[in-house]
Amino acid sequence: MSDADSLSCSLTLESDEYDEEEYDTNLSKLLENKTLNWIFVGGKGGVGKTTTSCSIAVQLAKRRESVLLLSTDPAHNTSDAFNQKFTNQPTLINSFDNLYCMEIDTTYSENTAFKLNKTEFFDNIIPELLQSFPGIDEALCFAELMQSIKNMKYSVIVFDTAPTGHTLRLLAFPELLKKALGYLINLREKLKGTLNMLKSFTNNEMELEGIYEKINHLNAMSISIQSNFQNPLKTTFVCVCIPEFLSVYETERLIQELTKKNISCYNIVVNQVVFPLDSMTVDVAHCEGLLKQIKDKQVQESFSSLVQKTKELEDVYISRRKLQSKYLTQIKNLYGNDFHIVCMPQLKSEIRGLQNISNFSEMLLESKEIPIYR
């Protein structure tokens, strides 16, 4: 059975067990939670993660003493969102005195601002470690990054993450570090006698002790980071999606992985939702009656063309609503009992600039019924 078929089956099964009792359909509880230190915002590419994370940060700035919006997405759309250039250093966002933003690269690089203080001996160990634990280079860089972030004195940090696959790797780094560093610590114990003998023949005793100290420090750091990740009072994840198959599928995959890693997740933001209009249908019979009353042929043709175009637009609108309703129903059935599901409307233009972000952020506080087409 394919992954798509599996998801379809799970959706059908969940639908039969759906209870009408639901969580609030806004982010008020998230924003009012004073214990949270880290809020991760993630999902499939192109679903509005940056807009959502920026909006959450703007609302938090009204409630918390100091807020940092941190982009770990290589695309770094936060600068475009606020029309302001950000770097790998916290920069105050225009018009705020307590909201900062920074854009960092979580991939391993000699040029990264958060790199390990390496030695020649450490350089010799790393290649062996890389072969045994692929991805440990990025994990080490991530550990240094998270430790630096942890030492920053912000009330809360909002992470604008990369698309799902990259984010899942990022969240797996603490466990990878724990395994790799545990391997090194065990190796040290096994080779303790040999290493002590080597000390008497070399001048590297201080260097060896420095490396062991660094490894123990990194191990303690990875345990601390993992503990923070798994503490629902300190860390939570906000999933962002749109009502389309691939996005809903990736959201399910993301939530399953977060559950496996014991990371709290109880909010889903569904963007680009087409809500019902006040009047959804064109009264064709009435329009045809009006058409017969028009004597001027040119006006009659123009009116007829207008009615036809309106009808075509209505057909597209209804088709779009029906398609979205299929996935909104699945989202409701899968997550309605355990998540705050916030539906955000399809807007006329992209969200750029502080005013537009602020307007969007206010909508996150509004309770809106999930618009299922009947």
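Positions of Cβ are set from backbone N, Cα and C atoms, glycine also.
What you see is a predicted model, and the numbers here were worked out from it, not measured in a lab.
Marked as ATP binding site by Swiss-Prot on the basis of sequence analysis: LYS44, GLY45, GLY46, VAL47, GLY48, LYS49, THR50, THR51, GLU244, ASN271. Taking the Cβ of GLY48 (ATP binding site) as reference, residues of its chain lying under 8 Å away and at least six apart in sequence are, in sequence order, VAL240, ILE242, VAL269, ASN271, GLN272, MET344, ILE351.
Contacts of ASP73 (active site) defined by a Cβ separation under 8 A and a same-chain sequence distance of 6+ are given as LYS49, THR50, ASP160, THR161, ALA162, PRO163, HIS166, in order along the sequence. DSSP assigns ASP73 (active site) to coil in the three-state reduction, placing it in neither a helix nor a strand. Among the features that Swiss-Prot reports, active site is placed at ASP73.
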Given the ATP binding site residues LYS44, GLY45, GLY46, VAL47, GLY48, LYS49, THR50, THR51, GLU244, ASN271 in the record, what is the largest Cα to Cα distance, rounded to whole Å?
19
Look at each of the binding-site residues, GLY46, THR50, GLU244, and point out the one with the fewest other Cβ atoms around it within 10 Å.
GLY46
Cβ contacts of LYS44 (ATP binding site) (under 8 Å, same chain, 6 or more positions away):
PRO163, THR164, CYS241, ILE242, LEU246, SER247, GLU250, THR251
